[in-house]
């Protein structure tokens, strides 16, 4: 399943979110944003392991109709009353990929989930029609749809960024 600890990108750093008020409504928004189907489970108590670094979000509250977590209400960035033992996670219905380990699935979740924070937006990226999860046509998710990347000026440096973002080396 498409599953893992939920992390968000803010201030050019990845961080976790607290499981206070975390339930299926919020998990549904995350699964929708990731293109991972419906939410099966909103996990609590760092069930996918404790994160490190900042805890960015707490008391996240969604109506359930949001297209992205960034549209939900929450406490101000970095304001929380929890530790990493309360990191939130999700289990979604879709089979996310044929990756070999939960760590790689977590990396995929991290590469997909982002919030627009005034910094350069980290666009979700995927590889399509390749022979493995680390090869294929590059697509990015922008304005609620997947699109291809033009190859003008595309080079090995650009490819290496995509590979790092997807946890492919």
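Positions of Cβ are set from backbone N, Cα and C atoms, glycine also.
Small disclaimer: the values here were computed from a predicted structure and weren't measured.
Annotated features, as they stand in TrEMBL:
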DISULFID  18-82  disulfide bond
DISULFID  31-92  disulfide bond
DISULFID  62-72  disulfide bond
DOMAIN    1-93  domain 'SRCR'
DOMAIN    125-169  domain 'SRCR'
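You'll find the Cα of residue 92 (disulfide bond) roughly 17 Å from the Cα of residue 62 (disulfide bond).
Break the domain 'SRCR' (125-169) down by DSSP state and the numbers are 10 helix, 14 strand, 21 coil.
Within its own chain, residue 72 (disulfide bond) has 26, 29, 60, 61, 62, 63, 66 as residues 6 or more apart in sequence whose C-beta sits under 8 angstroms from its own. Cα-Cα distance from residue 82 (disulfide bond) to residue 31 (disulfide bond): 23 Å (rounded to the nearest whole number).
The number of other Cβ atoms within 10 Å of the Cβ belonging to residue 31 (disulfide bond), over all protein chains shown, comes to 24.
When the disulfide-bonded residues 62, 82, 92 are scored by other C-beta atoms within 10 Å, 92 scores highest. Taking Cβ-Cβ distances under 8 Å and a sequence separation of 6 or more, the neighbours of residue 18 (disulfide bond) in its chain are 55, 57, 58, 59, 80, 81, 82, 86, 87, 88.
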